[in-house]
Each structure stands twice: as structure tokens, then as C-alpha cells.
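Peer 1: Got a structure for you, written out below as C-alpha cells; questions coming shortly.
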Amino acid sequence: MHNTFTHTKNNTHTKNNTQAKNSGSQTKSNAVSLNKPRKLTEADVTPESIFYQRRKVLQALGITAATLALPASAQADLLAWFKGNEPPKAPSGKPLTFTPSAAYHPDLALTPEDKVTGYNNFYEFGLDKADPAANAGTLKTEDWQIKIDGDVVKPMTLDMDYLMKCFPLEERIYRLRCVEAWSMVVPWIGFELGKLLKLAEPTSNARYVAFQTLYAPDQMPGQKNRFIGGGLDYPYVEGLRLDEAMHPLAFMVVGVYGKTLPPQNGAPLRLMTPWKYGFKSIKSIVHIRLTRDQPPTTWNLSAPNEYGFYANVNPHVDHPRWSQATERVIGSGGILDVKRQPTLLFNGYADQVASLYRGLDLRKNF
């Protein structure tokens with residue numbers, strides 16, 4: 001396990017890229033005009049380097065041009081045929097004891113559980129949305145520990161059993177907005193990140209919080225094979241400003257739909273920051289470090305012109321290759337049952353978090 005944050009990512013390597021995502025105090029004069037939504041292709045919603053790496057894998061297997069015209073899900077099925085042995089099935093989640101929160105959108109219609117657990121981005125287990133559910137059974141979550149260090153008074157290493165007993169668990173129904181312009185509504189179970197950080201007592205030098213995912217190539221095929229993992233450098237890392245991390249909305253998740261997290265959703269511990277794009281909500285966390293300097297983040301290092309440090313949901317600031325004005329709602333229907341809705345500033349949490357970004361230029365700090 002590499003408990004370090006001093007690595008670099010792939011593609012364009014830029015230091016101290018302080019691009020911040022969408023901010024809260026945007027006025028009408030500061031807003032960007034909305035583009036007319038257009039139909040997205042797979043190339044639109046997948047980073048270009050990853051899109052073409054996927055094609056190289058298929059071509060290396062001798063797959064024809066006709067096959068390349070198939071949807072990504074069909075290509076994934078074809079690749080699975082070449083694999084031979086199926087990965088082990090993920091264990092069923094264990095029921096959790098928790099208190100439903102009345103303060104966090106109990107009126108929202110939930111995304112079906114099979115979609116929440118079967119439609120994921122977790123490139124450590126493959127590029128297609130069904131890959132994590134199919135391949136994450138190899139993840140071993142027994143004896144999991146989380147290290148907290150850096151600019152803290154009390155550095156510590158905690159195990160999951162302690163965390164589950166240390167904080168009362170609550171269920172919060174949060175909106176989830178992916179940077180790829182799709183969305184869900186999910187009943188997460190967990191506790192506030194700020195409560196965890198207070199255990200370690202951040203010092204006055206601490207300004208940022210850095211997070212790191214497990215690094216285990218023997219369990220995560222995308223870490224072992226760059227084609228499977230989209231060409232990213234691993235382990236996956238993310239970061240928040242300390243005031244963001246201490247905000248009550250920042251949530252450490254241990255369960256979903258009444259049970260412990262399945263591996264494909266980031267077991268046993270993940271972050272959820274509902275006002276930011278989904279890639280900020282790092283999965284399978286093993287290391288949290290408080291730091292004075294802004295930490296590197298995986299997608300910003302991979303494509304700094306496309307993915308900023310802040311990653312706040314903002315319908316007025318488009319991705320370079322697609323509009324963020326609307327989003328596709330993942331529901332119970334199939335491919336022909338497509339519903340789109342307007343994207344809300346800060347994913348609908350502007351009243352709670354806009355003050356964090358007062359005076360910040362949303363176009364530069366995306």
C-alpha cells in the first residue's frame with residue numbers, strides 16, 4: 001500500500017493548477033450563456049485518451065470495424081468473452097443500523113438500487129459502466145484501515161469497526177451529478193467528514209485535505225493494466241479545501257440502500273460531496289492527509305483543461321466537449337426511456353454552499 005501523495009499523473013503534468021470549479025456567488029453578469037444541448041456520443045462523455053485506448057484494446061484482439069460500431073456495453077460483453085475466468089462475485093451487503101435524516105431531501109424519488117449498484121465509474125475495475133459491478137468482487141475489505149496524518153495534532157490509523165461504532169450513522173438522500181452529464185438520487189449512509197477530521201485535530205497550518213484510494217494492483221485490474229484503467233496513474237487521489245471538508249454536507253459513506261457499500265460503489269469507505277461532480281467523491285479511501293498546499297487530484301493531472309480542482313456543479317460552465325446545462329436522469333427505464341432535466345447550480349445545494357466560494361471567479365476556478 002503506497003501511503004503517499006507525492007506522485008504525478010498521466011498526460012499533461014501541471015503543478016499547482018488552481019482551477020476551481022463552479023462557485024456559489026455567481027451573478028447574472030458573471031454567468032456564461034448556455035449552449036443548446038446536443039446529443040452526446042460515447043466520445044463526448046469519455047476523456048479522449050481513454051476513448052481511444054478502449055479502441056486499441058479491441059483492435060488488438062482482432063475485433064472488426066463492425067464490432068467497433070457496437071455500443072460500449074456490447075463491446076464490454078465481447079471483451080468479457082475473451083477473459084475466460086469470471087472474477088469472484090462481490091459479497092452481499094450487511095444490514096446497517098442508522099437514522100434517516102429528515103433534513104436531506106426525503107421527498108426526492110430514488111434511483112433504483114440496481115442502477116446505483118450497476119452503473120458506475122470506478123476505472124480501477126474497468127472503463128464501462130457495468131465493469132465495476134462485474135469485476136469488483138476481487139476487492140478485499142476485511143481489516144481495512146484509514147490513516148489520517150499531515151498537519152494534525154493527533155495522527156492516527158483507524159479501522160472500520162472503530163469508525164462504525166464511533167459515529168452514529170445516518171441516511172441522507174443526496175443528488176449525484178456526474179461530470180458526464182447524468183444524474184442519480186441515492187440514499188447514502190454514513191457520517192460527516194468534519195467529525196472524522198476533528199478526531200485528528202487539524203493544526204493552524206492545515207488548509208487542504210488530501211485523499212487516496214487503495215493501491216492494490218492484484219485486486220484492482222485497472223491499476224495493473226493501463227488499458228483497463230484508462231491510462232490514469234494510480235492510486236487515485238482527490239482533495240478539498242479544509243472549509244469544504246468541514247462543511248456539514250461533506251459525507252463519509254459506509255452504506256447505501258440500508259446495507260454496507262458494495263465494492264463497485266467504493267467499499268468500505270468513500271466520500272460524498274453532493275454539490276460537486278462525482279469524480280470528486282473518491283472511493284475506497286485508505287489515507288487522509290491534512291496539508292498546507294493544494295494537493296494533486298487525478299483527473300486534473302490527467303486533463304487539466306477539462307477537470308478543475310473544485311469541480312463544483314455549474315450549468316453555466318460547460319465541459320470543453322459537451323454542455324453541462326442539462327443532465328440525463330438515470331431511472332428505471334431502458335435505453336429508450338431517456339429523461340433530461342436542467343442542471344442546478346451546485347447540484348441544488350447553492351443555499352448551503354454558495355458562501356464558500358464568495359468572490360471566486362467561476363470561469364477560471366471550475
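For all residues, glycine too, the Cβ spot is worked out from N, Cα and C.
A quick note: this is a predicted structure, and the numbers were derived from the prediction, not measured.
Below are the features listed in Swiss-Prot for this protein:
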type: COMPBIAS; residues: 1-22; note: compositional bias 'Low complexity'
type: REGION; residues: 1-40; note: region 'Disordered'
type: SIGNAL; residues: 1-76; note: signal peptide
type: COMPBIAS; residues: 23-33; note: compositional bias 'Polar residues'
type: BINDING; residues: ASN120, TYR123, GLU124, CYS178, THR213, ASN265, ARG270, SER281, ILE282, LYS283; note: Mo-molybdopterin binding site
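Show me how these features fit into the shown structure, please.
Peer 2: Taking the Cβ of ARG270 (Mo-molybdopterin binding site) as reference, residues of its chain lying under 8 Å away and at least six apart in sequence are, in sequence order, MET252, VAL253, LEU261, SER281, ILE282, LYS283, SER284, ILE285.
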Peer 1: If you measure every Cα to Cα distance among ASN120, TYR123, GLU124, CYS178, THR213, ASN265, ARG270, SER281, ILE282, LYS283, the residues said to bind Mo-molybdopterin, what is the biggest one in Å?
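Peer 2: This binding site's residues have a maximal Cα-Cα distance of 19 Å.
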Peer 1: What does DSSP assign ARG270 (Mo-molybdopterin binding site), in three states?
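Peer 2: For ARG270 (Mo-molybdopterin binding site) - judged by DSSP and reduced to three states - the answer is strand.
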Peer 1: Tell me which residues of the chain lie with their Cβ under 8 angstroms from that of GLU124 (Mo-molybdopterin binding site), as long as they are six or more apart in sequence?
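Peer 2: Correct list: THR213, MET220, PRO221, GLY222, GLN223, GLY229, TYR234, TYR236, SER284.
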Peer 1: I want to check the contact list for ASN120 (Mo-molybdopterin binding site): same chain, sequence separation of six or more, C-beta distance under 8 angstroms. What comes out?
Peer 2: LYS129, PRO132, ALA133, GLN264, ASN265
